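**Q** Sequence annotations record features per position, and here TrEMBL assigns transmembrane segment to 6-26, 47-66, 86-105, 117-135, 147-171, 183-205, 217-239, 373-392, 398-417, 483-509.
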Amino acid sequence: MEPYSYSWLFIIGAITAFASGFGIGANDVSNSFSASIASKALSLKQACCIAIFTEFLGALLLGANTSETIGGGIIKLSLFLNRPELLILAMVCAMVVSTIWVLFASSRGWPVSTTHSIVGATIGVGVAAFGWEAIDWSFNGMGKIIASWFIAPIVSGVVASIVFLVTKYLVLEHRESSFQRSLMAVPIYLCIIVIINTFEIVYKGPSNLNLDNLKPYIIVSVIVGITIIFAIFGHFFYVQYLRRKILGKENGLRWYHVFVIPFISERYENTADNTAENGIEKQERIEIEENEDVSSSLNTKKNIFQLYLAAIGKFAARSVNKEVADYKVQENKEMHDLAIKYDPDTESLYSFLQILTASFASFAHGSNDVSNAVGPFFIIYLTYHSGTIQLGETTTPIWILALGGLAIDLGLILYGYHVMRTLGNRITYQSPSRGFSLELGTSLTIVTASKLGLPISTTHCVTGATTAVGLCNGNAKAINWRLLGLCFFSWIITVPVVALLAGCIYSFAAHAPSQ
């Protein structure tokens, strides 16, 4: 095959890779922020704003490791050496079917595993091309991927339950002193989060920065230095901010005051100043100049373009303003009543930690699940660019990771609310302390797996952690087992459905009459 042949397949592959990333954003990113939104630590709009940066940076900085596993760790690429164009076709078929299935599931609110989807589709095209021997069933191939599907939810559930039980018995159960205990625990939790996150980035970050070659003492020094900075910030700034905001009821404090809290005086504000007699908040009046012809100006090309942009903005706003936290809350009231409720002031302390762990989980998600979108496209790009199949280790280009990260962000903003509703308060009752625990357990599992090159299912990790934390209430009825069963069913059918469809489409395309 000559380099840059079959350009039409390459273009279809690029478009499909972007669509695949969109589907991942719509389905899997909800895993990172559903608990924060359900506990009302964040609104959907705020979660989208944070995820735009964390998902993109996770994909850009750490996404190359797992994209190589998805790309070349499943199919034996050597079988395609004589027909590299068939490898391009196989990857395109796998991405098309995987994307269609994930988008369909997202429209139904099913939290399917996008990892299962792309792996199943890749298996389907591999078997259709060369039979079962085309798949690398060893532990270094499909073996460790399949094992991670079962291990991941158990590990994330165990870690999340340990974090929550420690918090529960050392802090939350002490009703009279829980707030003061939480204030002491906040800097500790903050340091733990920073240590883990910094270690994962510094120990094995972007390959082009050669962080793998750093001496151990340099890695330790960087981690300790950053941790000390955050420990000082947590004790002298954030804890004082929380004390004044919650105990002092200083409603004039804003989030950005946390960085200068020791240097500002008490801040209270009268919220009634900017309201009219009927209680409706006053808004600034839009003035129109006397000589401005409104009807004619709307007909200009400039205003037509502005209206077009406004329509796009309105569509995006409609998505990010959807109700998620209280969606069908009455239907789950009986289940929520079985969960133990703790001191509201104490719970509010965990809101920031939950936001931090959600951001950490989102960063981890971007590093792991971008492989589902760009892994097959990475093979397409290499084969298209060189005209041969690259069997050695190669680094995923930054622009491919950026393409996947951008698509994931758009998918979350425009279509992510469907699955967020499912994984919010509908599986079990969520509070900031519970959300913090399950998100920390999830993110630890995902980032560790990402560094080991295991493309595990984020959906499995979140669901396992959510269920484990819900069971810590001591009552099995505090879990929506019916909805959980629906989630399991969607996972079970994903692999065979996409494998069958991808294999059929590949067979049709590869063996269709060419004349």
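Count begins at 1; order follows the chain as displayed.
Even glycines carry a Cβ here, placed using N, Cα and C.
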**Q** Which range out of 147-171, 217-239, 373-392 gives the transmembrane segment (86-105) the most CB pairs under 8 Å?
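**A** Looking at each of 147-171, 217-239, 373-392 in turn, the most contacts to the transmembrane segment (86-105) are made by 373-392.
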**Q** Residues sitting near the transmembrane segment (373-392): Cβ under 8 Å, six or more positions beyond its termini, same chain?
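**A** Sequence-distant neighbours of the transmembrane segment (373-392): 1-7, 9-10, 13-14, 16-18, 20-21, 24, 63, 66-72, 77-78, 80-81, 84-85, 87-88, 91-92, 94-95, 118, 122, 400-401, 403-404, 407-408, 455.
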**Q** Mind checking which residues reach the transmembrane segment (117-135)? Cβ under 8 Å, same chain, six or more beyond either end.
**A** 20, 70, 74-76, 79-80, 86, 90-91, 93-95, 97-98, 101-102, 141-142, 145, 372, 375-376, 455, 494-504, 506-507, 510
